[in-house]
């Protein structure tokens with residue numbers, strides 16, 4: 001079968017690259033296999049075989065059962081003192097990872113704390129008192145204030161910490177001694193880039209689409225599909241979405257589901273807080289016998305909180321719409337902005353996409369149509385830690 005048949009939805013330039021002795025990586029029955037392109041336009045169709053999806057022991061997010069990635073001994077060893085070389089700060093063998101931008105996450109926590117205290121200790125209690133004094137529906141006011149104080153705000157704090165201090169999916173880098181230059185040259189000389197002396201990109205065939213795997217010179221590994229090396233954190237991150245300057249860390253496979261929950265809860269909290277601020281200003285002005293404009297001049301702090309809530313509502317509304325859209329198509333922010341695929345090999349319908357991202361977040365590759373799954377087991381060339389990565393990305 002001609003290789004163009006497999007790559008009919010891919011960039012035509014990839015076909016030419018594959019014809020130039022570029023290595024093609026496929027998976028047969030879930031096990032990794034490699035095949036050098038013969039130059040005669042043929043490729044074994046068995047490389048596209050799939051394997052039934054493995055059942056997870058628990059549907060709970062890995063952050064709620066001691067981070068399943070940290071259960072692997074070699075990953076724990078990598079995060080221990082002296083082994084990790086990135087700019088983040090791992091604690092408890094990688095169960096907690098603090099990003100390099102600590103000032104940014106501290107300022108974000110301060111703003112969220114001030115807003116939470118302002119709503120919980122000032123605006124909400126005064127709103128209930130004013131409504132009761134006016135003889136209004138006190139129970140309705142208490143329901144919405146309690147919904148904000150005891151549900152949405154605590155939930156926002158939980159997802160904030162889970163997003164900011166979870167392992168985003170840092171890929172263990174190889175040690176320099178694992179990849180001496182002569183060992184790389186012995187693997188397959190024609191695969192080396194003559195300009196850099198490093199291995200050339202290789203391609204993984206997924207649903208007829210060639211997905212490029214680049215060699216990371218810093219981490220000295222072939223990056224798994226959808227991974228990216230973050231220059232701020234100095235780490236390769238699995239299913240890299242973006243580096244969040246507000247949280248001071250990357251958002252990737254390990255914490256993207258928390259990030260989704262965070263922006264949804266913060267959006268709802270901002271919307272409810274805005275409604276309560278407006279209700280408080282109107283009812284308090286009526287209770288004091290003042291016009292709303294004069295009341296605002298006397299209580300500028302309440303008005304500024306309302307204005308800030310307006311900005312948050314519009315900001316989180318756009319952020320939610322964007323991320324719900326790309327999640328429905330199983331795209332990351334990085335992939336969507338750079339338009340990696342002419343046809344997305346990871347898109348299997350809205351329901352399956354949300355299920356793969358939110359309910360089975362440890363799976364690197366999504367389930368294919370019909371309940372089948374292409375499992376990725378990555379082996380670093382010339383490194384003894386290949387078994388570690390195999391377990392990590394199964």
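The backbone N, Cα and C atoms fix where each Cβ goes, and this holds for glycine too.
Unlike curated entries, TrEMBL annotations are predicted automatically.
Per TrEMBL, the feature transmembrane segment maps to 103-121 (among others).
Residues annotated as transmembrane segment in TrEMBL: 141-165 (among others).
Per TrEMBL, domain 'Palmitoyltransferase DHHC' is recorded for 212-338.
Long-range contacts of the transmembrane segment (258-283) within the same chain, counting only residues at least 6 positions beyond its ends with a Cβ under 8 Å from a Cβ of the stretch, are 61, 63, 115, 119, 123-124, 126-127, 130-131, 134, 136, 141, 144-145, 147-148, 152-153, 155-156, 159-160, 162-163, 166, 241, 244, 251, 292, 295-296, 299, 302-303, 305-306, 309-310, 312-313, 316-317, 319-320, 323-324, 327, 357-358. TrEMBL lists 258-283 (among others) with the feature transmembrane segment.
The feature transmembrane segment is assigned by TrEMBL to 303-322 (among others). With a threshold of 8 Å between CB atoms, the same-chain residues lying at least 6 positions outside the transmembrane segment (303-322) that come near it are 115, 118-119, 123, 263-264, 266-267, 270-271, 273-274, 277-278, 281, 296.
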Subject >> Reported mean pLDDT - the domain 'Palmitoyltransferase DHHC' (212-338) >> reply: 91
